[in-house]
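Student: Got a structure for you, questions after.
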């Protein structure tokens, strides 16, 4: 106990020493190379004479580096000379502590840690770590991987990509122990950010397979790394890698991560990953089919980005927030046509705005173009969650928050047009538009010639800028008052940009049933679609639509009947329920699981209908799963209702047992006691595939209710639940 307190006091003192002012630090220059023969620190070299640095931050970074670099060099020297495993472990621990303390420094932690990480590489420490990752001692590999994960800044990722990917991939084949898996998943998380080529190499050589395998584990830190690794892979890997991720069922494996009830950070990172995948039109349908995408918007709406930002700051590996390149990737989500991508992108940028405002580094948002994208969401987004997050981010960044644009543009009066002109930066033309009495209808049908001749916009570049804004307005506008056949959404399904043509088409009296009869010349001259490629694509899709009837609302799609309904207790069974969903989907079963997205008034009806429609009823018996059913004689508990419905409909009931203790039959209401007569299968986290195979046998027509014979216990996985 005393040693623990002394060690904690030592760490606290050293933290304040590193972050405190340097004695005599009154000069604002970084010394250049010492021409008298001495050597200056490597991070100060490279200029002629002294180089000026910005006041405040530059001095703090310089001072922190001057204090910590000698300790780092000493620790690296001892590590290089160490031969015994114990000495190597002590050296790795010392270097790790120095780097971790640097990352935790407020405001300047990223710059100081960057300096230490560069020093480790330049002093040969990075190459040494790659060798230690191949050591025979497991503990050495674990510690080396833990340190490597901490120092993978951009330049170090370059080095690992050149000489160390094979080492990392060999480590990823060691699926155990969890301590090693955590760090290897963290290393892959960073390396997926390196480049599209590196992502492709990692995916092709098994790195993605390792991450997907670890998604079935229960360790929170490991699962967070997996979620972020998949998000980075999707963000930086390009469309080819995204297609490969979908083929390997990454969207399905993200479901249990996004469905977790214990870890909000994990859920958010998983939602980010699946939202990025959904932005790829080639795989969008497969991602939707996974069911994971439906979790994104409800989760984001329920969370506070300020609290999320505090969680990031409190963690050593995320305390500095994201760098400019990562932020740039998030900005791309704001420009997506998918609501889920806009929503999660706005949430992350709002949290990052909170972090950067504390650090005094908000300028990065202007540099990467985030301000305009956030303002556009505020102006045009019809989703309240997305718009609110964008407003909050702009306020944190000290930016003006624009007014929301009314979506029914065709119904605008002249005053709304004037407001829009001011908002997009064309105030100087307000008088001309007012003199010509331009309303929403005229605005949507405005031509280049009219803009130049009648409205006095002489500069062709200015007109291009104006039409860029007008195209965006047309794309986000609502045409519900004039678009009876929902032509806008059909055009948007072909390409989000095609929504801009809606008003021109409906103004000519066209709808979806007539579009295939129109010629390309009519689309050009009457409807104003100037781009020939767009005309060809629209006509081609319209003619194909003849063979695909319009969706009707009267019937129920045949695919709406699930093979399996999963019933579970939220507080103890959600993780297993989500894992079962993924495993069963991968084996071809359609699965219904309540994702808490149902409207309040329809909750009971929808659940009961789903139980009745499903062919099989899987009951997750986790710890205390039936406790709320006891004494529930009015059948108000949801699990109770689901069980009673399954029994009354004679469903094939398959109980899955995980840490469940049997109640006395008399303790349960009479209408559900029969559930205890069904044979159950004991869930094994270590042997998931074998357990799933047994579950599938129960689902494929072998009844689980058998009061005489009991169930097959050869797997050590089935448990008889018969009444005494």
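Think of each number as a place in line: the chain as shown, counted from 1.
Using the three backbone atoms N, Cα and C, a Cβ is placed for every residue, glycine included.
Relevant sequence annotations retrieved from Swiss-Prot are reproduced here:
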- 569, 570, 599: NAD(+) 2 binding site (BINDING)
- 560-703: domain 'TIR' (DOMAIN)
- 548: phosphoserine (MOD_RES)
- 558: phosphoserine (MOD_RES)
- 359-402: repeat 'ARM 8' (REPEAT)
- 1-27: transit peptide (TRANSIT)
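Could you tell me the structural context for the features on the list?
Tutor: Residue 569 (NAD(+) 2 binding site) carries neither a helix nor a strand DSSP state and counts as coil.
For the repeat 'ARM 8' (359-402), the model's pLDDT averages out at 90.
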Student: What number of additional C-beta atoms lies within 10 angstroms of the C-beta atom of residue 569 (NAD(+) 2 binding site)?
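Tutor: There are 23 of them.
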Student: With DSSP as the reference, give the number of residues of the repeat 'ARM 8' (359-402) in helix, strand and coil.
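Tutor: Breakdown, helix to coil: 30 helix, 0 strand, 14 coil.
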Student: So which residues does the repeat 'ARM 8' (359-402) touch in its own chain, when a touch means Cβ under 8 Å and the partner is 6 or more beyond its ends?
Tutor: 57, 106-107, 297, 300-301, 305, 320-321, 324, 327-328, 330-331, 334-335, 339, 342-343, 346-347, 349-350, 353, 423, 472-473, 476, 478
Student: Using a Cβ cut-off under 8 Å and a sequence separation of 6 or more, which residues in the same chain sit near residue 570 (NAD(+) 2 binding site)?
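Tutor: Same-chain residues close to residue 570 (NAD(+) 2 binding site) (Cβ under 8 Å, separated by 6 or more) are 261.
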Student: Would you list the DSSP helix, strand and coil counts for the residues of the domain 'TIR' (560-703)?
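Tutor: In the domain 'TIR' (560-703), the DSSP-based counts are 69 helix, 24 strand, 51 coil.
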